[in-house]
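Worksheet: one structure, shown below.
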Amino acid sequence: VIKCKAAVAWEAGKPLSIEEVEVAPPKAHEVRIKIVATAVCHTDAYTLSGADPEGCFPVILGHEGAGIVESVGEGVTKVKKGDTVIPLYIPQCGECKFCKNPKTNLCQKIRITQGKGVMPDGTSRFTCKGKQIYHFMGTSTFSEYTVVADISVAKIDAAAPLDKVCLLGCGISTGYGAAVNTAKVEPGSMCAVFGLGGVGLAVIMGCKIAGASRIIGIDINKDKYAKAKEFGATECISPQDSKKPIQEVLVEMTDGGVDYSFDCTGNVGVMRAALEACHKGWGVSVIVGVAAAGQEISTRPFQLVTGRTWKGTAFGGWKSVDNVPKLVTEYMSKKIKVDEFVTHTLPFDKINEAFELMHSGK
């Protein structure tokens, strides 16, 4: 058993608490990882807020991390002690019907136990002050050591800087893949990206790499426009600058609508606007942002009858074990940006400040 520091969420709506936790050794087909760097994501904040129907407390959150394998359980063959890895919240077992289907990346092998905050055998590897602590998204990267299933880990280039590539565990991969895998943006196309946070910037990067000729960024926070343009946005607009609905503004700006639009906000009203900003006959809108529990999307069916397509994406459609190492290689060869996404680097015990910076849009 390893004793180390972790940021524990004892209950919903309260700040994280840095505690000493015990991390049990890995059982069969499990891997214990020394986490070197982790990022914060809105998904962690959503669960912490208490709005997540799958949220269990007390829990160690975090799902964008990178580290070194400390030890492996029986039967683990893909990684060994000392390997550099990224934990995966969407695993890839290679055996279930989802893994065998090229149309999806949503491996279901451990989905049920992962959603309940436990390892595949139904138990936890974390304890604190004599209490069992739940796992989160199969990763729990807000701990100096964590235990994950062996299908939830990708071995990456040992030379990669872990304080950067941890972002490939969720946000950057999600946005980039939404553009290149889910939408399959084509050269010369017009795109609109709603929400210019980390995921939105990654979508812009993906659209640019795919050869889009016009990329319109949409956000009410104008402080984000300069960064969006660095990543490839050709122009940025705010819905608050016009009396007309934003979809009408976009349709006028683009002679009938964009070829591809992306919602990176999780706001169901924005999802509708993104669909309706698409061009009749062929426009495709991809939902990337996760809406709160119980919310529903709406539009007039005629929007779809007249040739628009509504799609969604999780982790950018990447089959995780296969593709995360390739994304790291693309970053190392400077095909994709990662460093540019990092605005602040804080010590682990300032994790609550990191959430404040995220919520303030900084």
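Note that Cβ sites are derived from N, Cα and C of the backbone, with glycine treated the same way.
In TrEMBL, annotation is done automatically, which means it is predicted and not curated.
The domain 'Alcohol dehydrogenase-like N-terminal' annotation in TrEMBL covers 28-156.
As annotated by TrEMBL, domain 'Alcohol dehydrogenase-like C-terminal' applies to 198-327.
Averaged across the domain 'Alcohol dehydrogenase-like C-terminal' (198-327), the predicted model reaches a pLDDT of 97. The helix, strand and coil residue counts that DSSP assigns across the domain 'Alcohol dehydrogenase-like C-terminal' (198-327) are 58 helix, 22 strand, 50 coil.
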